[in-house]
Amino acid sequence: MTVDTTAPVISFNTVAGDDVINNVEHTQAQIISGTATGAVAGDRLVVTIAGQQYVTSTDASGNWSVGVPASVISGLADGTVTISATITDSAGNSSTQTHNVQVNTAAVSLSVSTISGDNIINAAEAGSALTLSGTGTNFAAGTVVTVLLNGKGYSATIQNNGSWSVNVPAADVAALADGTSYTVSASAQDSAGNSATASRSVAVDLTAPVISINTVSTDDRLNAAEQQQPLTLNGSTSAEVGQTVTVTFGGKTYTATVAANGTWALNVPAADLAALGQGAQTITASVNDRAGNPGQTTHALTVDTVAPTVTIATVAGDDIINNAEQLAGQTISGTTTAEVGQTVTVTFNGQSWTATVGSGGSWSVFIPAQQFAGLSDGSYTISATVSDQAGNPGSASRGVTLNGDVPTVTINTFAGDDVVNAAEHGTSLVISGTTTAPVGQTLTLTLNGKTYTTTVQTGGSWSYTLGSADVTSLADGNAYVINASVSNAIGNTGSSNHTITVDLSAPAMGINIDSLQADTGLSASDFITSVSPVVVNGSLTAALASNETAQISIDGGVTWTTLTVTGTTWRYNDSRTLTDGNYLYQVRVIDAAGNVGATDSQNVVIDTIAPDPAVKTIAISAITTDTGLITNDFVTSDTTLAVSGTLGAALSAGEFAQISIDGGTTWQNLSVSGLTWTWLDGRTLTDGNYNYQVRVIDTAGNIGATASQIVTVDTTAPLASKNHRHCWHQR
């Protein structure tokens, strides 16, 4: 017999690799295992965890293990969990051993802070070490954070406040390529094995923005006029939209914002421009791109607000231009302080000539003889203007005297319009004009190969009556030149030409007055109306030519007004407020020469006074046959009616009595005898009510008295009652 009183001794293996169940392991099944010293194969072992028991047995080596499902592991709360194991050997000896594990499922996280202030490394930052930093949540102080950038790793340590940082050496930063984006990644793991990662993109932008300043004030020169108003400075840049452009100019600073198309602009106040000194000025414009890379440019501007001087030398030796000098033409010259190559403009008698400034500031122009021809003697002004390269203007003037005494001659408009029409062609016509030649001088006229003479009258007027035979000799469709010439006392001759034409052909199309816009008379075409103002409509038999017009006269042909024609129709709005009466409208077609073609006329009657309704009353007095119970109750069984009535006074000429049987849509004239009228309704009427309307109206459509009457036609007898005989007997 063997006595065994010694129980096996249990030991536990490490659970989950480190006796800590982390956040990942907390979702998984776990193996609890160990050994039992002194046990033999088959000894029974019970493992208890979280109130759950799992039974196993030892193997020949004393090893044992049980599987705890994920559903039990995931139910374990964070903190210390005690696992117990009890073994019983075949002799009944038992022992218990416990083992503690930690449950740590707290979530950890990492973050990477903004890099270099804007997640962009610019040129200045690329030459220095770069600090990468961030924070860690639920990590113990001292936890190592591994940071990767551009294939290189760096280590940082989480501090007590959860922050971490590491410096990337300047050499590693310099190795980052311009225009490339990189990912900074950070990772860490806590003591329970819980891990977290974070990342952030950083771009490398080492290219400075380009900035330019456009030409200032069109020529990079600021003149006196431009200095008195705000100056726009503008340009373009490759910097991003919204970046600030800083401009320094004249010791002051201005800012602008980059627009969507890369342009920028700002205004410099006139007060700041006024403070600028003469000569060269420098404008500096600078801008930073979003990465912080700076760009800068300069632009030269010249301030020139001093106007150039210009002089005009003595003309013709004594500033007096005689007849010979006028016939030869004159050179006008002078000097200026404007730069070589600038343009001098010389003006004389409304005409201008230009010269280019030569070396030493000299200039000259030639005024040809024809510019003096016909000018009266007297004082004239020659002016010269020039602008320097900055645009500042300078000017000078010089008075000269003309003493050529060449008379001027003018020829007045001939035949009223310089056109001889058919009506004028057979009459005598006057040629007239004026001249500066003395009174009594002979003036010579030439026309159509013939010469005529007349004498200058007081005041310089002259005239000659061209006989009807000479006028008739002028051919239709031709143009002729009238020449007039006259000499003064010293023999200087002046002359003038004047062109006239002959047009004897009248327009061929016809013209008609067709209607009134509001013809209120009894006929739509009787030209009688009660409406004023009047609108007259008409037509042409063909379209007008470019030199033809249609005209209307409302004063018997004294004056004529041009009509507006559309195609071959016209309309005239007579704006007068016309009183009652007759008005004559005349129309005609006329060409530019005054040749009158077709004509038409029409008398229009305005009548706005209606027949007096208080005197000339109208009434419906009876029908035939009126079969109603009451006389003149206008109830009848007659289906073919005659209606009769009366007037309060006899109708005057142009007045009518009318009747309507369709509600006033149409009207028929009544036959009136003295003060009575009768009208036969030719319809065969069915039972029902019929409205008869009557009125007094004049030829212009003015309505006086009115009346109406409802007539009832009833041809159906009442139905007899079956009890009628019985009721009679009872009575």
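Start at 1 and count along the chain as shown; that gives each residue its number.
Just so it is clear, glycine is given a Cβ too, placed from its N, Cα and C backbone atoms.
Per TrEMBL, the feature domain 'Bacterial Ig-like' maps to 39-104 (among others).
TrEMBL lists 109-205 (among others) with the feature domain 'Bacterial Ig-like'.
As annotated by TrEMBL, domain 'Bacterial Ig-like' applies to 227-305 (among others).
The domain 'Bacterial Ig-like' annotation in TrEMBL covers 330-397 (among others).
Across all of the domain 'Bacterial Ig-like' (515-608), the predicted model scores a mean pLDDT of 94. Look at TrEMBL and you will find 515-608 (among others) tagged as domain 'Bacterial Ig-like'.
Under DSSP, residues within the domain 'Bacterial Ig-like' (621-715) fall into helix, strand and coil as 0 helix, 50 strand, 45 coil. The domain 'Bacterial Ig-like' annotation in TrEMBL covers 621-715 (among others).
The DSSP breakdown of the domain 'Bacterial Ig-like' (330-397), given as helix, strand and coil counts, is 6 helix, 40 strand, 22 coil.
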